[in-house]
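Q: Just lifted these from Swiss-Prot, have a look:
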type    : residues                                      : note
BINDING : Lys26, 72-73, 99-100, Lys103, His105, 124-132 : 5-phospho-alpha-D-ribose 1-diphosphate binding site
BINDING : Phe34, Phe35, Thr128, Arg156                  : orotate binding site
Amino acid sequence: MQPYQRDFIRFAIDRGVLRFGEFTLKSGRTSPYFFNAGLFNTGSALAQLGRCYAAAIVDSKIPFDVLFGPAYKGIPLAAATAVALAEQHQLDVPWCFNRKEAKDHGEGGSLVGAPLAGDVLIIDDVITAGTAIREVMQIINAQQAKAAGVLIALNREERGNGELSAIQEVERDFGIPVVSIVSLTQVLEFLADDPQLKQHLPAVEAYRAQYGI
């Protein structure tokens, strides 16, 4: 595990973004942990989150021309990541996002920011069913651009209804890598090393044994 990954897990726990207990997911599964990226909701938290995404991009070595943040949650993530790449890594990359509703006045259209062209790295918080990414792929294709990959905060490494996870389905269907700041494997590693949090390890391991990929 890289230092930025350990820092991210500690940061997510401290912010209440990553919690342990008993949670009913939309899928109906009862999960021993819950991840809510919406709680990275202050200026300093967003700045630190952007630094984590930027570190993951550099670590991934995925070549790309532009960052894309899907509306709505991806917009601040792409912005914060672009800032962190410039300030921490001296990489001044273009970024853009889409509107949910196209405008017919002013700058018009459904895209805002840099042109959506070349190799596009998509930034989002999680991939649950893959529906949002499929919509993004249509936007990218409509601009004759090409998806370079997807970067998310947490990979739950969890099966959907079939044998594959939603992330594996995206990788299979579009032939692009999906990388994450951290995965459940690293969360388990973190729990095992932390005396206060170790109590949650058996429940998370049991959940993984049942639903993991």
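Residue positions begin at 1 at the first shown residue.
Placed from the backbone N, Cα and C atoms, the Cβ positions cover glycine too.
The shown structure was predicted, so the numbers you read here are calculated from the model rather than taken from an experiment.
So where do these features actually land, and what's packed around them?
A: Non-local neighbourhood of Ile127 (5-phospho-alpha-D-ribose 1-diphosphate binding site): Ile133, Val150, Ile152, Ala166, Ile167, Val170, Val178, each in the same chain, at least six residues away, with C-beta under 8 Å from its C-beta.
Mapped onto three states, the DSSP output places Phe35 (orotate binding site) in strand.
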Q: Give the helix, strand or coil assignment DSSP yields for Thr131 (5-phospho-alpha-D-ribose 1-diphosphate binding site).
A: helix
Q: Pop the Cα-Cα gap between Phe35 (orotate binding site) and Lys26 (5-phospho-alpha-D-ribose 1-diphosphate binding site) into the table, whole Å please.
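A: On Cα coordinates alone, these residues lie 13 Å apart.
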Q: Given that the record lists Phe34, Phe35, Thr128, Arg156 as binding orotate, what is the largest C-alpha to C-alpha distance among them, in Å?
A: 13
Q: Work through the binding-site residues one by one (Lys26, Arg156) and point out the residue whose CB has the fewest other CB atoms within 10 angstroms.
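A: Ranked by other Cβ atoms within 10 Å, the binding-site residues Lys26, Arg156 bottom out at Lys26.
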